[in-house]
Amino acid sequence: MHNHHNGLKTAALFGVLWAVLLGLGAVIGSSMRSTTPIWIMALVGVGTTAYGYWNSDKLALRSMQAYPVTEEQAPQLYQIVRELSAKANQPMPRIYVSPTPAPNAFATGRNPQNAAVCCTEGILRLLSLRELRGVLGHELMHVYNRDILTSSVAAAVAGVITSVGQMLLIFGGGDRRNSNPLAVMAMALLAPLAAVVIQSAISRTREYDADEDGSALTGDPLALASALRKIHQGVQMVPLPPDQKLVNTSHLMIANPFRAGGVTRMFATHPPMQDRITRLELMAGGPAS
């Protein structure tokens, strides 16, 4: 459903991310005169990716202390999700609410048959039903475009690269016969940096696509634009604490859940909010009067 250019861009970024992982293994293997680290890097990457893929929903929901809600508890939420799921001819996801006052939402799960959508109590209080429908359209398109799989794989591979880089910095390559210690240390510093930049770029690309596809599903891009404006303001007033579990989940959320700081655009998991709003307004033919 999503933009063909963005699909190619995501595939290319994934290729570079895996190349960084294997390159890290190659540098270690070359310096230690062994190819074993290359295979270890590949196997760890595959194993971590598989774990992240199968458990992405549990990990994300647990990090936000989310609880399932019934249709009796949240009838309007169910009504919107059921309508949009039927319109997309897709199964109904499980619905959760997180008890945080910070306004946000995310979707998780390895495929549409095992998906969950979570809204915070803060976003349910903040948005109108029209705006909430725009947000849920965005989140459902993350599921239908398999973005949860994409982001989980990217996060897992980047996490492996970062962990290996940290170990190399601590142990210094480990082998006194190391023929090229400078190359190992340089890779230990640069590979995690590159991995985070690539993972962030993948995440930003998927956000743009979910905005576009979600607005096509709801037929109301201005509703999402209005919701994003409110969410951005709300997050600045009630940000999430920078807990590591929340940091690991933040790329799934519709907006960066932390207070704006000095992070450059290269490392941001979400596009600039004004860019997203402007794109949505262009989809609608201009801002609301």
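Heads up, the Cβ atoms here are built off N, Cα and C, so glycines get one too.
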Note to self: Among E71, E72, E207, which residue does Swiss-Prot annotate as binding Zn(2+) at the site that also has H138, H142?
What the structure shows: E207
Item checked: Other CB atoms, at most 10 A from the CB of H138 (Zn(2+) binding site) -> 27
Checklist line | Cβ-Cβ distance under 8 Å to E139 (active site), same chain, at least six residues away | finding: A105, F106, A107, V117, A210, G214, I254
Checklist line | Listed in sequence order, residues with CB under 8 A of E207 (Zn(2+) binding site) and six or more positions away | finding: H270, P271, R276
Checklist line | Three-class DSSP secondary structure - E207 (Zn(2+) binding site) | finding: helix
Next item on the list: Determine the Cβ neighbour count for H142 (Zn(2+) binding site): the number of other Cβ atoms within 10 Å of its Cβ.
Entry: 26
